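Student: Once you've had a glance at the structure underneath, I'll fire off some questions.
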Amino acid sequence: MSTQYSILFKQEHAHEDAIWSVGWGKNSNDGSELVISGSLDDLVKVWKWSDERLELQSTLEGHQLGVVSVDVSPSGNIMASSSLDAHIRLWDLESGKQIRAIDAGPVDAWSVAFSPDSQHLATGSHVGKVNIFGVETGKKEYSLDTRGKFILSIAYSPDGKYLASGAIDGIINIFDIATGKLLHTLEGHAMPIRSLTFSPDSQLLVTASDDGYIKIYEVQHASLAATLSGHGSWVLNVAFSPDDTHFVSSSSDKSVKVWDVSARTCVHTFLDHQDQVWGVKYNKNGSKIVSVADDQEIHVYDCPI
């Protein structure tokens, strides 16, 4: 049990190019934690966390261009990656084998996100549509139309009720998944929304933008609860802690920041990366944070619980 924030491990030269996306998974055989990284070197790598360090478990080859987004299914056994080659690939985390490839259409897959029941996979598109694919079939089942600009970021609410999308013009849309209806349009940012994340209780939506601000919205009434500043440049990623109390952000200012949700304050700043930090994620129990950056490194941090 840790009482303070500290860096546990640095994996240098983790990839041959910038690392833009990261996730946590689990090995169902021995219960060990896995870190999944996606890079502009076209590769997805699966790392095993053991003895306070990362060990490369498998390298997943198949994408023809850089990997821009990875997500692990809530069920924990499947991983999805999307690439600049306009393909989404589904992988078996255990074996490292590709389950299927989905052609998302010309330049049409950016970020990918699994639904809470692991049955669907959502991806944003250039024409302002969120496309929903069946995980079992690999077929497009339906689309949610924002009638807006290129969608950079998407997130499901953990209760399965909502899907939020963030566009390149700073507009955020929240859809009701059951009806497919657009519920709310939020115009709090004037620049691209790089990332958004719902709180585990699905009550709050946190958004990250190139305008340097993080905003917290109360989902039900679509009201702005807070605007947080602290990063010196684009905010590239945000992720919630599993216990609802904190979230983490990363930025092109090379920092990773941990925020207290109720106090609306930054409680710790990590300055260990040498370049812009594209991805951050809490592990399942909130004891660790992983970050990835343009410096080709993966960092794992210890969090007080």
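Heads up, the Cβ atoms here are built off N, Cα and C, so glycines get one too.
Feature table excerpt (Swiss-Prot):
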type	residues	note
REPEAT	14-57	repeat 'WD 1'
REPEAT	62-101	repeat 'WD 2'
REPEAT	104-143	repeat 'WD 3'
REPEAT	146-187	repeat 'WD 4'
REPEAT	188-227	repeat 'WD 5'
REPEAT	230-269	repeat 'WD 6'
REPEAT	272-305	repeat 'WD 7'
Student: Where else in the chain does the repeat 'WD 5' (188-227) make close Cβ contacts, counting only residues six or more beyond its ends and a cut-off under 8 Å?
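Tutor: Beyond its ends, the repeat 'WD 5' (188-227) has Cβ neighbours at 152-159, 161-162, 164-172, 174, 233-240, 242-244, 247, 249, 251, 259, 261, 264.
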Student: Could you give the residue numbers and ranges of same-chain residues that sit at least 6 residues beyond the repeat 'WD 3' (104-143) on either side and whose C-beta is under 8 angstroms from one of its C-beta atoms?
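Tutor: Residues 68-75, 78, 80-84, 86-88, 90, 149-160, 163, 165, 167, 175, 177, 180 contact the repeat 'WD 3' (104-143) from elsewhere in the chain.
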Student: Between the stretches 14-57, 62-101, 146-187, which one has more Cβ pairs under 8 Å with the repeat 'WD 7' (272-305) than any other?
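Tutor: Out of the listed stretches, 14-57 contacts the repeat 'WD 7' (272-305) most.
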Student: Counting by DSSP secondary structure, give me helix, strand and coil numbers for the repeat 'WD 2' (62-101).
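Tutor: Split by secondary structure, the repeat 'WD 2' (62-101) comes out as 0 helix, 22 strand, 18 coil.
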Student: Kindly report the helix/strand/coil residue split of the repeat 'WD 1' (14-57) according to DSSP, in that order.
Tutor: 0 helix, 27 strand, 17 coil
